[in-house]
Amino acid sequence: MELSLFNILDVLGTIAFAISGALAAMERRLDIFGVFIIAFVTAIGGGTLRDTLIGYTPVTWMENTIYVYLIGFVTILAIIFRDKINYLKKSLFLFDTIGLGIFTITGVEIGIQNNLAPIITIALGAMTATFGGVIRDILCNEIPVIFRKEIYATACLLGALAFVVLHDLGVERDIIYLVTSIIVIGIRLVVVKYHLVLPYFYIPSENEEKAD
Amino acid sequence: MELSLFNILDVLGTIAFAISGALAAMERRLDIFGVFIIAFVTAIGGGTLRDTLIGYTPVTWMENTIYVYLIGFVTILAIIFRDKINYLKKSLFLFDTIGLGIFTITGVEIGIQNNLAPIITIALGAMTATFGGVIRDILCNEIPVIFRKEIYATACLLGALAFVVLHDLGVERDIIYLVTSIIVIGIRLVVVKYHLVLPYFYIPSENEEKAD
Amino acid sequence: MELSLFNILDVLGTIAFAISGALAAMERRLDIFGVFIIAFVTAIGGGTLRDTLIGYTPVTWMENTIYVYLIGFVTILAIIFRDKINYLKKSLFLFDTIGLGIFTITGVEIGIQNNLAPIITIALGAMTATFGGVIRDILCNEIPVIFRKEIYATACLLGALAFVVLHDLGVERDIIYLVTSIIVIGIRLVVVKYHLVLPYFYIPSENEEKAD
């Protein structure tokens, strides 16, 4: 039962990130094949890194073909309904944020199942959630969204922290999943709406004169 | 016998990609060491990703030193004969395309040997073929060639698809290898010669006004 | 005893790279979370690649939480004392170079313990030392330092070569470690001080007219 809820979430996160990747690729005017690649990489990137680092190989999407078919199907829908989806303002942002919330949960869950230490489990949750977007941005030769001041990964870390704490307290999975996703998605929505930023500590570069 | 043909192809693909990497690095004015690194990464990148994702570790080139020596030797030749090689018009393109065709074969072959599903095997073939070039381009801070409209990866996918279908039909390996490489190399040559492009579906970005 | 010296070096290398990553991130005006991420990635990137390629999973920092806490603590110190650290001229360069020397040692050591061939062991040492910096630069969307003419990786390769040769000669570990780190750090300091560069072999690009 828990496993099945986990699988449902993993599928939902994959759908959300595939849509977000497809939209990003269409915005960048990639050809149809580029759209499929970016959708695929965005959707499976985080889980692939997670599986590789903990040594769960062949990685999940290789063992379970449903992911590849699902991403292909979702990408086709995203292409067909691209005008409609885009009409929803900030839809790329929205799907990306939903994916973040869900993949934080699946990453932490895998960490707990592998008996990793809490701090590592939290890091694994944040990496699973954010890495797909990082690869997407690197492939598009952009500065990864993770550094673009939207408290992107901080939201995942806080959600993952809540998961680990609630898990220690013996709370039921359904409730933990709900709280974690609300925290991640809520923080990101609030942060973007109110333009909140984290503080930064600037060191003037020695090359400043040369570089600027 | 099949294994030996596989090994010969793997060596040929490694040579082709090492030359392509070395030429790309010399074009970008990297120093001699940078030329070796890029040649190495381009030649082993795809196979390393493949091995890592399916859990075949230590990865192939670590178990079999022939690859490292071969890449070093080929790179030295590429440096010595750089004017001659370059005289052959489009030689970088040519070696890159040969490498694509061969590594599509080795990727699919490994997928079949590991009993992966057909769709995954096809994806593995395309990833093995294209990833070396993607890393090469990321290291050089360029937009990966995979997105530069040359139907780069689509050719590999179609070749890998042919491989899987012929394999299911019980065709002999020698013939499958020949057909697959002809498809990949042929498609890419035709596409570039006639400037064919895949369709694309453009979504105007919300940031368009700001960004452009 | 050898193991313990190895662990001490690994911790020192992690500290050096975490500081170097934190300084680089503060120079680039990343927010406080970005500083932690870059510090983390720079410090564990090389070891993570090494562990993944040889199949040692879960990777080291997942098994041993000391690394995560250490990087967090060092990064906080780097933020607090950022003006003081920066006052030491070229401190980013210095910490980066110390990290290079130490991680070359740990990479070669792991290669020897896994009975890899000497040439592979040398490559593993250089990759362990340089990959953290490469990821750091890719994430910051810069051309990786490895190609910025400072004989960055060549120093690691020569140090790793010395390690393997001395190991074959039966020299004691303490002395090998000392010689290796002196070679890597010494070469890099001398090279930068005297502006030495490796030769390069330039091929005019066919696209030169178009591209430039």
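Heads up, the Cβ atoms here are built off N, Cα and C, so glycines get one too.
Per TrEMBL, the features are:
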type     : residues  : note
TRANSMEM : C:6-25    : transmembrane segment
DOMAIN   : C:8-82    : domain 'Glycine transporter'
TRANSMEM : C:32-49   : transmembrane segment
TRANSMEM : C:61-81   : transmembrane segment
TRANSMEM : C:93-112  : transmembrane segment
DOMAIN   : C:94-167  : domain 'Glycine transporter'
TRANSMEM : C:118-139 : transmembrane segment
TRANSMEM : C:151-169 : transmembrane segment
TRANSMEM : C:175-196 : transmembrane segment
Spatial neighbours of the transmembrane segment (C:151-169) far in sequence, C-beta under 8 Å, 6+ residues away: 100-101, 104-105, 107-108, 112, 118, 121-126, 129-130, 133, 145, 175-176, 179-181, 183-185, 187-188, 191, 196-198
Number of helical, extended and coil residues in the domain 'Glycine transporter' (C:94-167), per DSSP: 61 helix, 0 strand, 13 coil
Rounded mean pLDDT for the residues that make up the domain 'Glycine transporter' (C:8-82): 90
Same-chain residue ranges lying at least 6 outside the transmembrane segment (C:32-49) that approach it to Cβ under 8 Å: 10, 14-15, 17-22, 24-26, 59-61, 67-68, 71-72, 74-75, 78-79, 99, 103, 106-107, 127-136, 139-140
Number of helical, extended and coil residues in the domain 'Glycine transporter' (C:8-82), per DSSP: 63 helix, 0 strand, 12 coil
For the transmembrane segment (C:93-112), distant same-chain residues with Cβ under 8 A (at least six beyond the ends): 6, 9-10, 12-13, 16-17, 19-20, 23, 43, 46-47, 50, 54, 56, 120-122, 124-130, 132-133, 145, 152, 155-156, 159-160, 163-164, 167, 177, 180-185, 188-189, 192
